[in-house]
Amino acid sequence: MKAARRSVAFFSGALLYSFCAGAAMKYASVGLPRSIYLSLGGRNSLPVMLGEALAIAALIFIVAAVWAYVTLRPARRRHRPYVAWMMAGIGVAWAGWLIFGAFSFALKPRAYSAPLQTMLLSSNAAPLFGALNIFGVLGGAWVAGALAKRRQLSLPVTRSRRREAEEAAAVEGDLDSTVSSLGPHTVSPPH
């Protein structure tokens, strides 16, 4: 069962990052009204791009925290949350998206003659697909792991440990009963 929980955490991390990358692309395609863009300096100005990137990263953080907590929360106290395995899955998915972005960037170099801020902050621009989104997913998974660990420690002790404690208490109770002066072979008092 331990291997099953590890593999679930790993594949859930990979799916989490892929879902968040797709969701970030979808969120980035939703724009604000033109009047807001014009008042802030245009769609490609640094304040607008940074604001959009931070808003998308915050949404991704929330999605990642909920997803990771649902995956990592333990049902029993002895089941540890496998945060490292989930982070490994996120890392593998990030590497896959980075390789895909590098190939996409190499095949269409003219389409990506954008400034550096666009390549770093835009969720639609390869090869990073939004650098802040990476930190949003990792941060959400880390926070969920900390919450899952706290929940694990608050769960009651398993039955086997409780049974061992009860047996130890019973043994201590038996020791007290053997010390008693009344026993089955006591001499009756004279008449």
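Just so it is clear, glycine is given a Cβ too, placed from its N, Cα and C backbone atoms.
Owing to the predicted nature of the structure, the values given are computational and were not obtained by experimental measurement.
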_TrEMBL annotation of region 'Disordered' - which of the ranges 24-47, 168-191 it falls on_ = 168-191
*What residues in the same chain, six or more past the boundaries of the transmembrane segment (82-106), come closer than 8 Å to it by Cβ-Cβ distance?*
5-7, 9-18, 21, 68, 71-72, 112, 126-129, 134, 137-138, 141-142, 145, 148-149
*Grab the same-chain neighbours of the signal peptide (1-23) for me: Cβ-Cβ under 8 Å, and only residues 6 or more beyond its ends, written as numbers and ranges.*
59-60, 63-64, 67-68, 71-72, 79, 81-83, 85-94, 96-97, 123, 129, 133, 136-137, 141
